[in-house]
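Chemist: Pasting a structure below so you can have a look.
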Amino acid sequence: MLGRTLREVSAALKQGQVTPTELCKKCLSLIKKTRYLNAYITVSEEVALKQAEESEKRYKEGRSLGDLDGIPVAVKDNFSTSGIETSCASNMLKGYIPPYNATVVQKLLDQGALLMGKTNLDEFAMGSGSTDGVFGPVRNPWSYSRQYRERRQRDAQEDSHWLIAGGSSGGSAAAVAAFTCFAALGSDTGGSTRNPAAHCGLVGFKPSYGLVSRHGLIPLVNSMDVPGIFSRCVDDTATVLGVLAGHDPKDSTTVQDPIKPSMIPSVMDVSRLCIGIPKEYLVPELSNEIRSLWSQAADLFESGGAKVIEVSLPHTCYSIVCYHVLCTSEVASNMARFDGLQYGHRSGIDVSTEAMYAATRQEGFNDVVRGRILSGNFFLLKENYENYFIKAQKVRRLIVRDFLNVFDSGVDVLLTPTTLREAMPYLEFIKEDNRTRSAQDDIFTQAVNMAGLPAVSVPVALSNQGLPIGLQLIGRAFCDQQLLAVAKWLEKQVQFPVIQLQDLLDDGSLVLENGKLASVSLTQ
């Protein structure tokens, strides 16, 4: 049952093949077995079981709330959850229990979803490996998959080769990939949902800016943050998006227009589509395997009848620097609220208010967060403001225009890599500092956030090492549904294999019903 899609389980719940309580207990048991993945910071066992009980009652009375009723989900630990600790994986918010739910969390609960727990991340979502939180790094479930282990030479230090899950929403990605829940919320500011989705073999979706409410998502960069969705297939993403999308009076940046339900057609005619391949994304650092799969995916669209053309996004080379300036500037502004007075950590030093502020922030934030605050405050200094912040805003406008020009020329969707390479071992990842890694890992993803466009990472094949590789599709603003329809077409063509974790579990409880998906048409 745990290996099925959200929609399949929803149908099973409606037909009485399984009860919400049984499903909840199976997931909780698996969370305990896979604790070493460090995917969860907080497991809300009592809350989930109580929600399952209420869901079961509704099913018995024939008044199910919809497709998510009784479905286990997980939420990244930077979304406020009423009565459940929300720490952002930082000492600054350790022990902080919000008095309200983020809008997206509330919407899931209103539909009867079961909240399994809060997932791990990089501190305040600053990072691309989920290695820099105060609760330790997240391990990628694929480190323990049969596919990876069979293709890797055995050696004495078996356990030291575990892989990063990607970031900053690595906990949510690992939670879904290890079958402990059927969907999870992440956040995406520069790629934080798409990057871990690519590394963990999942569908990772970043909606158009303004489609889904940010209220209750602890802000990193207000003008780029969006809640993201992790699931095991595109249809499940559409189901969750249908629940989350829409105007929220508590978030003035959400669109007022009524949102149509997110149903994707089961058959997609791609022959009417024009797929753009941005030439600037063919960078020297891109691995040969991903380059080859990117090209094969383009061929798949072409053989499906789509028009595939090379396009140019001329300001791409400036985007990562521009993103860094704008991101750190907004971070410096947002992090000012953590002063030790109202909530969160407060230092015991009481020589003066200034000393208390300084000590609180020194003790509460890690080096990465302090470094970004420092950079941001530098860019916002009176003498630097014009040269850095204002100039970056102008470059951002040019980047937005690049995308508009391409879409106005008749292109429907852009096809790009999601990451430069497959997931790497943790010990290799930490050889570089957080800022260097983020600059490398956000290269294909952050421009989309600056332009406010929808994007989705779809797993397409396993690498020679047996690890997942994802490709990214980028759509026009607010054409999220069309984008997901194209993603579903690609997903159907590639038949990405299911992760085989049977070796991992002593009781073999994860023998998957849909293990038949193991044929891959995108081969090296």
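Cβ coordinates come from backbone N, Cα and C, glycine included.
Automated prediction, rather than curation, is the source of TrEMBL annotations.
As annotated in TrEMBL:
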{"type": "ACT_SITE", "residues": "Lys76", "note": "active site, charge relay system"}
{"type": "ACT_SITE", "residues": "Ser168", "note": "active site, charge relay system"}
{"type": "ACT_SITE", "residues": "Ser192", "note": "active site, acyl-ester intermediate"}
{"type": "DOMAIN", "residues": "27-484", "note": "domain 'Amidase'"}
Chemist: Work out how many Å separate Ser168 (active site, charge relay system) and Lys76 (active site, charge relay system) at their Cα atoms, rounded off.
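Modeler: That comes out at 10 Å between the alpha carbons.
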Chemist: Given a separation of at least six residues and a C-beta threshold under 8 Å, show me what packs close to Ser192 (active site, acyl-ester intermediate) in the same chain.
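Modeler: Within the chain, Ser192 (active site, acyl-ester intermediate) has Cβ neighbours under 8 Å at Ala125, Ser128, Gly167, Ser168, Ser169, Gly186, Gly228.
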Chemist: Look at the active-site residues Lys76, Ser168 and tell me which residue has the greatest number of other C-beta atoms within 10 angstroms of its C-beta.
Modeler: Ser168
